[in-house]
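What follows is a short report on a single structure.
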Amino acid sequence: MLDINAFLVEKGGDPEIIKASQKKRGDSVELVDEIIAEYKEWVKLRFDLDEHNKKLNSVQKEIGKRFKAKEDAKDLIAEKEKLSNEKKEIIEKEAEADKNLRSKINQVGNIVHESVVDSQDEENNELVRTWTPENYKKPEQIAAATGAPAKLSHHEVLLRLDGYDPERGVRIVGHRGYFLRNYGVFLNQALINYGLSFLSSKGYVPLQAPVMMNKEVMAKTAQLSQFDEELYKVIDGEDEKYLIATSEQPISAYHAGEWFESPAEQLPVRYAGYSSCFRREAGSHGKDAWGIFRVHAFEKIEQFVLTEPEKSWEEFDRMIGCSEEFYQSLGLPYRVVGIVSGELNNAAAKKYDLEAWFPFQQEYKELVSCSNCTDYQSRNLEIRCGIKQQNQQEKKYVHCLNSTLSATERTICCILENYQKEDGLVIPEVLRKYIPGEPEFIPYIKELPKNTTSVKKAKGKN
């Protein structure tokens, strides 16, 4: 959330900056004025509460004097009761006003960084850079790693390897259900182990996160729309929890309420988060329906960093650089794009996506999102840094950044399309030592069903 002082001119804030940011996001500008008005109403209630406390103290003293003098104090006792009832009403109104004010502030997004493209259309995402393996020029439907024709979609390659079973998965789980089998399991575990080893070698602390969170904690790190579109709820009697959509959520709360008093020595803190993740994908009906690219349950390796505010943009570049190095080591062509202002989630001041090339589908698809959330999350979670200096008016919060390293099922999909051959799959060299037998190649062992995706695509061209 933003600091309330940022909305108030009298506190050194500039509401016009927030309004301009809201406009870039395509969100409500009027909300800023509503927050300012509600803050003033809350201040008035606080003033009324203070005044009632003063009056109550004064009346209580007078009652004491009357009792001491053995004089009648019925009128003062009646006045005290009246003031106490009024105070109770004011406390209730103040609590409700505070709740409503915080709720509205939480609806306002982070201040969009000046370098972000101002647009509501993701077609205007900024192309930052591209990378391809040496001697690969992205010819039509050619697998990047093997040079063979990319005749099959990722899910068809996995079917021919007997690497997953979607039919039984759907029968048991429902929409987008699946079982990984055989080398599907080994590939997934290889990516998990390689990803953790990769980040560990760069100084990240591996952290396996819990997959459920209390509602009150989740509310501090996930925005309201995620509760409706993304998160699964788990209810046990009156106990209400949410399954995580990313390990960023529990890891962001890992240091909640803590204070890094010596930031130069204690920060940055870098975590390599690992967890299973769960997403309803409520707004993605019919999108990426093939295979295991977009599913309800998956595994993910996440970068999460806490840093000093002055160093967060340097850390942002470092984190996207780590993800790029990871995909370069896998030999997967990709591009990095800067996300337009209208597509940023509330917490992000700026976001880069890494989109890898899928040769069968002839398109780039998102594998990584890297965001600098500045102090938007840490303010809600009260993660502070530095020793408060004399005359310092504002609290200083750490900056929080997150970046996917690998959502492993998605990464597998990209490997399957780029490492396929006519008779099987070449295993990326960096993954081989994590797979039993350290195979260089896995042959196909199953035939595809009739009228599968590649057949339909071929018919469509004829």
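Note that Cβ sites are derived from N, Cα and C of the backbone, with glycine treated the same way.
Site annotation for L-serine in Swiss-Prot covers T246, S247, E248, T404, and the matching candidate from E299, E302, E308 is E302. The annotation in Swiss-Prot ties R279, R280, E281, E366, L367, V368, S369 to ATP, and of the candidates under consideration, V269, V295, the one tied to the same site is V295.
Ranking the binding-site residues V295, L367, V368 by C-beta neighbours within 10 Å puts V368 at the top. The binding-site residues shown are T246, S247, E248, E302, T404; of these, the one with its CA atom nearest the CA of R279 (ATP binding site) is T246. Here the binding-site residues are T246, S247, S369, T404, and the one whose Cβ sees the fewest other Cβ atoms within 10 Å is S369. V295 (ATP binding site) and T246 (L-serine binding site) have their C-alpha atoms 13 Å apart, to the nearest angstrom.
Once Cβ contacts within 10 Å are tallied over all protein chains shown, the binding-site residues E248, E281, E302, E366 are led by E248.
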